[in-house]
């Protein structure tokens, strides 16, 4: 939680005046700079409190393992989507690429998990780079490129795995879902990936990512290779999405070409809820992780409430709309 | 300042919404009652849940209604205490979460209509290991650790392929009209059909078209395949909405009504009846809605200590030119699946009573 203001926005032109409310104090300033994260944390605390009413074993190690195993693919997918959105893009092919990575991993896992993971990641990264090249060099709108790519990679996935199948060593499936020597592996993965992001953020590429997303012309004028940065962003998103696909394959012990689709919209919902701007340059990865966790917990909680299925959908939509409305109002004030 | 005020108001509303959700839930949660928690007594009324990948298609609605009617009967007999439906809305990951939640809530019986034939295996096995009676029906998982109630999808394709091959006298051009690519049911029906059609080397597959099992996309998919191959002699179709789309296209374009295989989708059955006198002929089958009822009965029997076969194959009904009138329901909407109920003795026989 030690954050310089630069994390918020690295493009000076768009940075909010530091002393917005006169004499608000250091804590107030911290809150304002971390509105998304604190807001999401507050929501998360409420959600967890309610959740523990239904599931008294919520805070036991086994519950934490099970839940983190379940939420990991969405968290990683949302991180991938956020990376692209930070650079001012959007990725509608995310679900298809996730399924592709899942299929590649499930088909090859029997011959060696490490090789399969490398192949799956390579597949996901190359799809990302391909998207990035089309966006950066052909100058096509990301929404069109990635929509087309979603069909393309959906087809490739079906070639790799025409019907649900493949298999993942059962020891790995068990370790992932039920813990490995009492260690919640998915939890560790989230920590490692966040650390990776933290490192990337501080590099020249990481700073450029925010700059290009915030003000592409400004970034170009100040000597940033905007094309390379965009391609890098899509490629990095590929890493996250590839990991999500591998996670889903391990969670389910198999591959399924049709399972990825809902992740496209869910990852966008998580990113938007986290306060990542559709116009790029604004947003924090920590918030994305929290938002994905919130969405996962919320849908789970609704299952416990015993509401009828259709009302659950209504509630889910309502909560998302309200939460995103909060975000919109908050950013509207900031950009005034 | 106004902005900040608005923000505060909206935040409060958001929290309120959440709190309200929670509050509603607490009420209904209490009313369901967890019982005494002792699972020793075999005669105790069961807590039953159905996790389904979809609930909105009319086939699912009909199944839902059939199961609910049967649940009401079983509640009257004191065998079921509580019944809830969980809808994953097409999201398999969500369905995994549902089944996990049901394990944590200590359901006695979990019925599953699966969104993936492989991805649910770990979670249904986890439920079975936790001592829960898991019965899977309609769309099946590959795990052999749970009771599965279904029809033989390969046999479905084989039956249709065989009929079409005979009908065309072993030669001609056909369009294969299949369900979505990558979906187990669709692939299996087509595998069966290919097997049967292999016996007729004179039959050529001019086009292999995939479509969702919905009228609108099916009509588009068929129209483009048909315009490229207007000289076909028959259509192998593996779903009712697909068959209806194909027959509609032929009727609209006033073309020869070649044989089309089908399913008990009422829209197709009505068209079939209308155009039977013009020489249209078909063989249809059905994924019977009573699969859900058989699954429920099997689950209740198993939870009560009876031994139930692990795999229950329900025979596919045959709808022919001759018995069509027993199935078609001219007064009902197109989007329904008329089926004759399976008599209780037949169900008992299937579940090994």
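The backbone N, Cα and C atoms fix where each Cβ goes, and this holds for glycine too.
Features reported for this protein in TrEMBL:
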type: REGION; residues: A:1-21; note: region 'Disordered'
type: TRANSMEM; residues: A:35-52; note: transmembrane segment
type: TRANSMEM; residues: A:58-77; note: transmembrane segment
type: TRANSMEM; residues: A:84-107; note: transmembrane segment
type: TRANSMEM; residues: A:113-136; note: transmembrane segment
type: TRANSMEM; residues: A:143-160; note: transmembrane segment
type: TRANSMEM; residues: A:180-197; note: transmembrane segment
type: TRANSMEM; residues: A:231-251; note: transmembrane segment
type: TRANSMEM; residues: A:263-282; note: transmembrane segment
type: TRANSMEM; residues: A:289-307; note: transmembrane segment
type: TRANSMEM; residues: A:313-330; note: transmembrane segment
In the same chain, who gets a Cβ under 8 Å from the transmembrane segment (A:143-160) while lying at least 6 residues past its ends?
89-97, 99-100, 103-104, 107, 127, 130-131, 134-135, 257, 260, 264
Ranking A:180-197, A:231-251, A:263-282 by Cβ pairs under 8 Å to the transmembrane segment (A:84-107) puts first A:231-251
Counting only pairs 6 or more apart in sequence, are there at least 3 Cβ pairs under 8 Å between the transmembrane segment (A:263-282) and the transmembrane segment (A:35-52)?
yes
Do any residues, 6 or more residues outside the transmembrane segment (A:289-307), come within under 8 Å Cβ-to-Cβ of it, and if so which ones?
37, 40-41, 43-44, 47-48, 50-51, 54-55, 67, 70-71, 74-75, 77-79, 190, 194, 266-267, 269-271, 273-274, 315-316, 319-320
Please figure out which one of A:113-136, A:231-251, A:313-330 racks up the most CB pairs under 8 Å against the transmembrane segment (A:180-197).
A:231-251
What same-chain residues lie close to the transmembrane segment (A:35-52): Cβ under 8 Å, and 6 or more beyond its ends?
58-59, 273-275, 283-284, 286-287, 290-291, 293-294, 297-298, 300-301, 304, 323, 326-327, 330
Could you check whether the transmembrane segment (A:231-251) and the transmembrane segment (A:113-136) come into contact, where contact means at least 3 Cβ pairs under 8 Å with the two residues of each pair 6 or more apart in sequence?
yes
For the transmembrane segment (A:58-77), could you work out the same-chain residues 6 or more beyond its ends whose Cβ comes under 8 Å from its Cβ atoms?
48, 51-52, 94-95, 98, 176-179, 182, 184-187, 189-190, 193, 240-241, 243-245, 247-248, 251, 263, 266-267, 270, 288-289, 292-293, 295-297, 300
